[in-house]
Amino acid sequence: MKKKLSLILALTMVFSVLAGCAKGGGAESADGVTTIEFWAAPNPTQQAFWQEMADKYAAVNPKVKVNVSAIKESPSSEASIQAAIAGGNAPTISENINRGFAAQLSNSKALVALDELPQFKEIVEKRNMTETIKPWEFADGHQYVLPIYSNPMLIGWRTDILKEIGYNEPPKTYSEVLDAAKKLKAKYPDKFMWGKGADLADPTAWKRWFDFFILYNAASDGNKFIEGSNFVGDEKAGVEMLTFVSDLVKEKAVLAKQATDPFETGLGVFTDIGPWTFDMWKEKYPELKFKENYDLTLPPVPDNVDPANSKTYADAKGLVIFAGAPKEKQEAAAEFLKWVYSDSANDVAWFEKTNLPPARDDLMELQAFKDVVAEKPELGPFAEAVSKAVPSIDNPRFNELQTLIGSEAFNKIVRGEIDPQTAWDNMKKAIEGELQQ
Amino acid sequence: MIDKQNNRLGWLFASPYLIYGLIFFIGPLIWSFYLAFTNWDLIAPTYDFVGLKNFTKALASPGVQASFWVTYKFMMLFVPLVTVMSLAVAVLVQGLPKFKSLYLIGFFLPYLSSGVVSSLIAKGFLSYNSPVNNFLRNTFGLDIDWLGTPISALAIVGIILAWKFTGYYALILTSGLESIDREVYEAAAIDGVTNRQRFWRITLPLLYPALYTTLILSFGVTFGIFTEVYQLTGGGPNYATNTWQMEIYSQAFKNLQAGYASAIAIMASVVTFISIFVIRKLLEGWGKRNGWV
């Protein structure tokens with residue numbers, strides 16, 4: 001009873017008390033200094049990078065102060081941002097924004113259309129990101145997010161286990177993976193080909209970025225899934241992909257139960273890998289060595305698709321400027337971003353510190369980036385695959401839509417409860433129904 | 001004159017709570033009612049009044065329907081479990097010759113532990129490659145997907161909650177046991193009652209006030225489950241553990257539908273109030289039969 005009341009209280013408190021808080025004063029303080037609030041991702045390396053940028057900027061531009069703080073995750077960074085906007089306490093800039101959340105925010109007129117800022121064109125040109133930013137255009141033709149990094153999600157393979165079942169390199173097509181799965185189960189009945197864990201059976205929306213969309217983008221050559229308010233998914237590729245997963249399930253080669261680090265412990269042979277993983281491995285699994293006992297590739301494709309051209313999902317996040325901030329602060333924020341991205345050395349520092357590939361067109365061309373990759377060779381495949389990664393859908397109802405992908409199709413396939421065509425049809429129908437609301 | 005002064009003093013002493021309640025409960029509650037009739041996400045500069053649309057949508061929602069039933073399923077599992085466990089602890093501790101308080105503190109500690117931490121420990125404990133599951137698989141050939149199967153997921157959450165609240169309720173029940181007059185037991189012993197009769201005919205009826213408290217508290221807990229479900233199952237599999245709080249959280253903070261979430265919160269409140277009212281009446285009926293009311 002008490003808890004129930006507490007929840008109602010908490011919900012309404014967040015909504016009302018914050019709304020009642022001060023809307024913030026003027027943009028400029030008495031000493032003529034404009035202060036901009038910068039919310040960094042709750043990740044020490046990213047926070048350190050932005051603090052360093054803020055300090056350097058203060059040295060060359062004492063009239064602007066950039067206050068860097070980490071986004072609170074109570075209960076999630078999105079909820080904190082939502083509460084801050086509702087309470088009139090939103091920062092001037094925030095990083096760590098994905099396209100889906102940006103679509104929700106822009107739909108509520110909470111974001112500045114960056115392409116309308118005078119600094120935007122210069123930022124894009126100086127950072128050499130003309131091509132990279134193209135897929136980030138929203139359905140209304142505006143750019144609301146300045147992508148900072150773009151992680152092409154790759155597939156990590158335990159090459160040591162593959163060798164034991166007769167493979168000198170990772171399989172690339174569906175039939176090759178299925179063949180390897182059969183050999184794996186014959187030799188090691190307790191191991192799994194796709195060793196991902198309970199996420200595969202969980203309908204939580206964001207989890208589909210790291211399973212469904214990786215495979216769908218590979219199978220469909222990056223075909224869009226939802227465009228505006230229309231479902232435009234490639235049915236042939238989608239059903240083929242679901243059939244592949246279903247076939248793996250039939251071979252008992254998919255681990256969809258809660259497991260601790262199944263890939264790292266050798267329980268599973270492949271899983272999705274992002275570059276943030278390597279720091280954890282360094283501490284916890286130092287025995288994992290790139291090209292020695294694991295390798296990274298683009299996702300497997302249907303047999304009739306060239307694996308070299310496989311596409312994948314781009315786990316990409318960027319910066320937004322909030323519309324609620326005074327114009328002077330928006331202007332100062334845009335100038336700060338222009339300063340940061342006018343020097344490629346800052347992107348190099350970012351890459352070194354965070355392992356996250358900067359969203360630039362010249363990632364594999366500039367020597368400084370090549371030097372980072374030479375030092376950390378496991379980042380090479382990520383840098384090479386940036387152009388092959390497709391960012392997430394930009395529909396403001398992405399959360400509901402991606403939940404339906406899981407609950408209507410993907411999770412059921414993984415649990416072996418439905419056939420691929422029915423799963424696709426049910427999912428399509430449910431998504432179209434949601435889009436019409 | 002003295003009455004008036006006493007009145008003023010009374011209001012003065014009550015004022016901190018009243019002001020707190022007004023600012024942090026009544027005000028937001030009224031605003032929550034207002035929100036429930038809008039389609040506002042709290043961010044957009046404009047919004048529309050949608051009448052009862054949020055409520056009709058909630059009634060038809062599988063997530064909300066699941067929340068309704070899941071709460072009662074948790075109730076049927078959690079309340080008997082925690083009551084039996086806390087009663088057992090209280091009776092056992094009461095029978096100890098010394099260090100009663102120390103044992104009670106030990107049982108009370110889980111109540112102070114973070115739900116997040118205990119959930120994460122449980123998650124590790126139940127993972128596919130944990131020693132427990134390895135043992136079950138290798139020895140008995142049992143391969144159980146603890147958190148991926150509706151019944152076991154529900155049971156795991158219920159057991160974690162029971163573990164957490166047992167010590168707290170045992171503390172209340174122990175004080176109830178202590179307040180029972182020893183002479184009653186002595187008289188019963190002279191009459192030759194067995195241990196079983198002593199427990200069912202004397203201890204349990206005389207424990208009614210303490211049991212009433214713990215039962216009302218434990219029924220209330222089932223309407224407020226969030227952390228354990230959020231951490232362990234996310235409301236799944238297939239909404240099998242989707243509590244009211246999970247649904248409200250998902251709609252408010254994931255789907256950014258504050259108006260709709262407020263409507264669900266109001267519906268949850270109504271269900272909670274009605275359920276607790278009915279349960280209270282049933283418990284009072286039991287008390288009446290034992291001469292307590």
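Going from the start of the chain as shown, residues are counted 1 onward.
Every residue, even glycine, has its Cβ placed from backbone N, Cα and C.
Noted in TrEMBL for the protein shown:
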| type | residues | note |
| --- | --- | --- |
| TRANSMEM | B:12-37 | transmembrane segment |
| DOMAIN | B:68-279 | domain 'ABC transmembrane type-1' |
| TRANSMEM | B:74-93 | transmembrane segment |
| TRANSMEM | B:102-126 | transmembrane segment |
| TRANSMEM | B:146-163 | transmembrane segment |
| TRANSMEM | B:206-226 | transmembrane segment |
| TRANSMEM | B:258-279 | transmembrane segment |
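Relative to the transmembrane segment (B:74-93), the listed stretch B:206-226 leads the set B:12-37, B:102-126, B:206-226, B:258-279 in CB pairs under 8 A. Sequence-distant contacts of the transmembrane segment (B:12-37), counting only residues of its own chain at least 6 positions beyond either end whose CB sits under 8 Å from a CB of the stretch, comprise 49-52, 54-55, 258-259, 262-263, 265-266. With a threshold of 8 Å between CB atoms, the same-chain residues lying at least 6 positions outside the transmembrane segment (B:146-163) that come near it are 70, 73-74, 77-78, 81-82, 85, 110, 118-119, 122-123, 126, 221, 225, 228-229, 232-233, 236-238, 240-241. Residues 89, 93, 96, 132-133, 146-147, 156, 160, 163-168, 170-171, 174, 227-228, 231-232 of the same chain lie 6+ residues outside the transmembrane segment (B:102-126) yet bring a C-beta within less than 8 angstroms of a C-beta in it.
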